Amino acid sequence: MFPTIDAIIKIGGSAITKKDELETIKTDALQRAAECIRQCRESGATLVVVHGAGSFGHHHARSYEINKGISTSMDQEALEKKLLGFSLTRQSVQKLNQLVVKALVDIGIPAVACPPGSSWRTNKHEPVSWPRDTIGQLLKNNLVPVLHGDGCMDETDGFCILSGDTIIKTLCLSFDVKRAVFLTDVAGVFDRPPCEPDAKLLKSISVNIDGEVNQVIGMSQSKNDVTGGMVLKLNTATKIVSQTQGKCTVLVCAVDSCDSNTICSPEVDVCNAQFTKIVMAK
Ligand SMILES: Nc1ncnc2c1ncn2[C@@H]1O[C@H](COP(=O)(O)OP(=O)(O)OP(=O)(O)O)[C@@H](O)[C@H]1O
Ligand SMILES: C=C(C)CCOP(=O)(O)O
C-alpha cells in the first residue's frame, strides 16, 4: 500500500522556460515554483513533481517530427536523422530536468529524477507500462519523485512524445491523489486564448461524469508545442476529475502567484481566486 499523494504538481514548460527561445530558462519562475513546493512539503504534504519541456524538447521534437515516430517506409538516411532527433530531444529535456532537480535540491527538497524516457512504454501514445512500484517506494521513503514530459518507446510508432500532462493523468488514475496542480504562465483557464481582448478567467469549471465541461472554451496553441498545449491540459484535467469521480480536483494557476496554501489546503476558496479550479459537477 502506497501513501496518499496530497498533490501532483506540474511545473509547466511555459512557466519556467521561454517557449519561443531554444533552451532558455526563466530562473525566477523556477525558483518561485521550487519555493512553493518546499512550503507544501514543510506542511507535511506528500508530493510528486512533474515538469514539462518548454523550449527544452518541443523545438527538437517539432523539427524532427518525433511524435510521428518511425516507419518501415523510411529510407536509411531519413531513419538515421529521425533517430538522432530522438536523442537530441531527450538530451534537451534532460538538461531542463537537471536544472529543475538542482533548484529543488538546493533548497533542501529530497528530489529524485525519474526520467520516463528510460522506463515508460506507450501504445498509440498512451502509457501501457511504467514503474509504479518504484514511484510508490520513493514516496514511502519520503522522497520527491520528479518526472517530466519525454521521448518514450511506443509499441505502434517506435517512439513518441509523452507529455507531462499524460503522465499526471496516469498517476492520478493509479494512485490515491487528492489534487493535481498545473503551474503555468497564465492565471488559469480563460474562456478564450488569454491574449485575446476581453478574455475572462474561469474560476471554476464543472465536469460531468462523461468528462464533458459546462461551457465553451476557446483555445490556441503555440507553434513550438508538439503536445497540444492548453487543449491537452484541459482534456487531461476533465478525465482526472470525471474518472476519479471528483476525488481528485485539478487547479490551473500561474507560477507567479502560486502559494502553498492554494496548492495544499483541503478546501480552495474560488471567490477571490486568481486560478481555475476544475471539479465534478454537482
Ligand atoms: N483558453 C485558454 N486559457 C488559458 N491558456 C490558454 C488558452 N488557450 C491557449 N492558452 C495558452 O496555453 C498556454 C499554456 O499551455 P502550455 O501547454 O504551453 O503549458 P505548459 O504545460 O506550461 O507547457 P509545456 O507543455 O511546455 O509543459 C498559455 O501560454 C496560453 O497562452
Ligand atoms: C517535448 C517533449 C520532450 C515533452 C513534452 O512534454 P510537455 O511539455 O509536458 O507536453
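In case you wondered, yes, glycine gets a Cβ from its N, Cα and C as well.
Annotations in TrEMBL come from automatic prediction, not curation.
As recorded in TrEMBL:
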BINDING   Lys10, Ile11, Gly12, Gly13, Ser14, Gly54, Gly164, Asp185, Gly229, Lys233  ATP binding site
BINDING   Ala53, His58  substrate binding site
DOMAIN    8-250  domain 'Aspartate/glutamate/uridylate kinase'
SITE      Lys19  site 'Transition state stabilizer'
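Feature map: TrEMBL annotations on the structure.
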residue	record	DSSP class
Lys10	ATP binding site	strand
Lys19	site 'Transition state stabilizer'	coil
Ala53	substrate binding site	coil
His58	substrate binding site	helix
Gly164	ATP binding site	helix
Gly229	ATP binding site	helix
Most distant Cα pair in Å, residues Lys10, Ile11, Gly12, Gly13, Ser14, Gly54, Gly164, Asp185, Gly229, Lys233 binding ATP:
16
Which of the binding-site residues Gly12, His58, Gly229 has its Cα nearest to the Cα of Lys19 (site 'Transition state stabilizer')?
His58
Check the domain 'Aspartate/glutamate/uridylate kinase' (8-250) for me and report the mean pLDDT.
96
Note the Cβ centroid of Lys10, Ile11, Gly12, Gly13, Ser14, Gly54, Gly164, Asp185, Gly229, Lys233, the recorded ATP site, then list each other residue of that chain whose Cβ lies within 8 Å of it, in sequence.
Ala15, Ile16, His51, Gly52, Phe182, Leu183, Thr184
Just to be sure I understand the contacts, which binding-site residues have a Cβ under 6 angstroms from any atom of ligand 2? Candidates are Lys10, Gly12, Gly164.
Gly164
Would you mind listing, in sequence order, the residues at least six apart from Lys10 (ATP binding site) in the same chain with a Cβ closer than 8 Å to its Cβ?
Val49, Val50, His51, Gly52, Gly164, Asp165, Ile168, Ala180, Val181, Phe182, Leu183
